[in-house]
Amino acid sequence: MPLHHLTGPAMSNLRSAVVFITVALLWGVPFAFIALALDAGASPMFIAWSRVSLGAIVLMGIAWSRVSLGAIVLMGIACRRGFFTKIRRHAGIIAVIAACDIAVPFALLPIAQQRLSSSLAGILIATTPLFVATLAIITRTERHNLRGSLGLLLGLAGVGAIFGLQLSGDLITGLLALGAALSYAVATLLVRRLHDVSALELSAASLVIASVLLTPAAFIDLQLPTQASGWVALVVLGALCTAAAVALFYRLVADLGATRAALSLYVAPVFAVIVGAAFLAESIGLATIIGFLLILAGSWLSHRNITNRTPGRTDANTRHKS
């Protein structure tokens, strides 16, 4: 049916479907662009810093006035909306969230991907909900039920399959990727303590703080890309895979609700595997496929357990996980 005949709910559903796929794609492809930037000679810390800094510039513009880069000059509008007042009120916890949700994982992933394929990195990041569920049980912020237990067991089996059969000779890089997932999980629990800061405002402020945190490390051992492809990869990582992905995700939340929008988290690793295999010629072994399916199933069960306890709350578990 021609698009001009789509009206009302049909057009809304089509738009939501397009945004859903776009968000999942933008969260799935960063691992490939990190690999491209590394191949072009960029250092891991410079990749992390440039991605965060560019993402902060774009997203601050969106957060302040719902337009793009030119909105940065409209600081007065942001002040009138109480943006800086809320950020100052929660400065301490926002700084910790910025470190756990952005600075640490964005640094660990490029370091790991010096030896780890982009597809495996994407798969291991999909363990984030497993860590969230585990930490929630430890801190007693969530109940422990049969579905959650099954999810954790499946996810653990998937991680074991990948580490035992695929990464047996290079455990450190796998642990670095899991460290990034754990860092995301810590941020997930922390962000639930903030109730008067919107998700978009929190993301914008966190990117700015993370940029500051990463600056010293990025310039101590500065290695810039030596090929144009590396610079293109950095721009895509910052402007599209970070800022645009976050902004589009909140559009998706408005259309579908937080729980349904969060399902894009489970489509993203599929794109990571497809892009890695199709464009970077990465081999996908049987152990990787089995581990991936187990992790995906376990994460989904764990995430369902969490979202049923906290309906409608958008947390760090559904923000720029790559």
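Cβ atoms are placed via backbone N, Cα and C, with glycine included.
Taken straight from TrEMBL:
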type	residues	note
DOMAIN	17-162	domain 'EamA'
DOMAIN	175-301	domain 'EamA'
TRANSMEM	12-36	transmembrane segment
TRANSMEM	56-79	transmembrane segment
TRANSMEM	91-112	transmembrane segment
TRANSMEM	118-139	transmembrane segment
TRANSMEM	146-165	transmembrane segment
TRANSMEM	171-191	transmembrane segment
TRANSMEM	198-219	transmembrane segment
TRANSMEM	231-250	transmembrane segment
TRANSMEM	262-280	transmembrane segment
TRANSMEM	286-303	transmembrane segment
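Away from its own ends, the transmembrane segment (12-36) comes close to residues 3, 6, 47, 109-110, 113, 117-119, 121-122, 229-230, 232-234, 236-237, 240-242, 244-245, 248-249, 251-252, 255-256, 261, 263-265, 267-272, 274-276, 279-280, 320-322 of its chain (Cβ-Cβ under 8 Å, at least six residues beyond either end). When Cβ-Cβ distances below 8 Å are used as the criterion, the transmembrane segment (198-219) is approached by residues 43, 45-46, 48-50, 52-53, 55-56, 59-60, 62-64, 83, 86-87, 94-95, 97-99, 101-103, 106-107, 191, 242-243, 246-247, 250, 253, 314, 319-320 of the same chain, each at least six residues removed from its ends. A contact links the transmembrane segment (262-280) to the transmembrane segment (118-139), because at least 3 Cβ pairs that are 6 or more residues apart lie under 8 A. Among 91-112, 146-165, 171-191, 231-250, 286-303, 171-191 has the largest number of CB pairs under 8 A with the transmembrane segment (118-139). Sequence-distant neighbours of the transmembrane segment (91-112) (same chain, 6+ residues past either end, Cβ-Cβ under 8 Å): 31, 34, 37-38, 44-45, 47-48, 51-52, 121, 125, 173-174, 176-177, 179-181, 183-184, 186-188, 190-191, 193-194, 197, 202, 205-210, 213-214, 217, 316, 319-320, 322. If one looks beyond the transmembrane segment (171-191) by at least 6 residues along the same chain, the residues whose Cβ comes under 8 Å of a Cβ in the stretch are 93, 96-97, 100-101, 104-105, 108-109, 111-116, 120-121, 124-132, 134-136, 139, 141, 159, 162-163, 202, 315-317, 321.
In the predicted model, the domain 'EamA' (17-162) has a mean pLDDT of 81. If one looks beyond the transmembrane segment (146-165) by at least 6 residues along the same chain, the residues whose Cβ comes under 8 Å of a Cβ in the stretch are 120, 123-124, 127, 129-130, 133-134, 137, 171, 174, 178, 285, 287-288, 290-305.
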